[in-house]
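Annotated features in TrEMBL:
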TRANSMEM  36-53  transmembrane segment
TRANSMEM  65-82  transmembrane segment
TRANSMEM  124-144  transmembrane segment
TRANSMEM  150-169  transmembrane segment
DOMAIN    201-390  domain 'Major facilitator superfamily (MFS) profile'
TRANSMEM  202-230  transmembrane segment
TRANSMEM  236-255  transmembrane segment
TRANSMEM  267-286  transmembrane segment
TRANSMEM  292-315  transmembrane segment
TRANSMEM  336-353  transmembrane segment
TRANSMEM  359-377  transmembrane segment
Amino acid sequence: MKKYITIGASELDTYLDYTIFSIISIYMFSATPFEMGLLGACFAFPFFVFGKWFGKVFDKYNVQILRGGLFFSVIILMPLLLLADSMVSLYFILLMKISCRCGLNVSNPKLNKDENESKKFYEICGYLVNISRIGIPLLVTFFYGTFGLWSVVIISLLLNIIGLLFSIFDNERYFNDGDINNKSILKNNFSLRKEMKDKPELYLLIIAYTLSNLSFFLSNDMLSIFFEFIGESEESVGYIITMLGLGGIVGTKISSFMMGKLSSNHVFLLSLVVNSIVFTAFGFLNETVVSVYFYYFLIFLTGLASGIIFVSFRFGIRRLVDFSNLAKVTGGIQKISSVIAICMPVLGGYLANLYSITFTFKVTGIALFIILIFCSIKTVNLHSGRRINA
């Protein structure tokens, strides 16, 4: 139970960051689309720098103590937000905080030591993520609008204090003493590339995840600016993340149900179908004719796709990778994804400045349809080959 509390505290603080950093950027510092793209890149850059390193560390050392140290670091960093006076200072604070968040995210799979518990573990984690999306953005916008930035900082501090305490006093063991003698860990000779080469299903799952991120991150950070563009207030930032959370809960349930009947790759394809439709609609519909409520419904569908991805991808990785290498694989994937999450928001912001915000949505929608076709063909070929070999 304690591990879920620490995960929940971390996820609540994650969406607090998404909300408050977006609000400050857009409504306090009047950030341009390009600057918002840079902000999105700051959420990903630490995963590129530290993802693989954290993976090696958490596969080798005490998980609870290290997680406690990361929560403590966030407690020290968060008050600096009160001193931010420009986008540059905001980037600096966010980079430091997300560096800690990177370690917490990479270590989450190490809290699922019992493989038989995996489906339940990732389903609960999916609910925690999406409940965080629903509750925290509305809470943050209310406290920020009513009491000011300092009240949001206090909420963040309380969440990380909870995470710290429950990490330190969690008596469950997530690491085998015998693993220290494992030569593969001591030599650090694990290769994600070799693992993918040896396991075609793992290869396809990671490729599908990476390609979908390639398109998704091009437009993801433009959503908040799009709602400002069509006349919505700063409260729309909270509404967007809340709708993502509501959709995510539905997506998590759908994915958990389907995982018992289909492979992770098949379930993942459903998320590509949903996202390709959503971003195509954002790109080609006329915002002067379509109701804002329909756009919020599209955000709900994006959240649904996110919920499907969360369970299908993570459960697939947990099933296909040995526990002793799980954090290294997670860190490696985070590093690959972070390159995309760094570059694509910046490119998306540049294209939005050069053409329009809806242009990035059009590119994303078309690209996702192409990726869907490619991954569908690869999935069919993979499972057809298995049936022939059987």
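Glycine too: its Cβ is placed from the backbone N, Cα and C atoms.
On a predicted model such as this, the values are computed, not experimentally measured, just so you know.
Comparison of 236-255, 267-286, 292-315, 359-377 by number of C-beta pairs under 8 angstroms to the transmembrane segment (202-230) places 359-377 first. Here the transmembrane segment (267-286) has Cβ contacts under 8 Å with residues 205, 208-209, 212, 215-216, 219, 226, 251, 254-255, 258-259, 294-295, 298, 301-302, 304-306, 308-309, 311-313, 316, 358-366, 368-369, 371-372, 375-376, 379 of the same chain, all six or more residues outside its ends.
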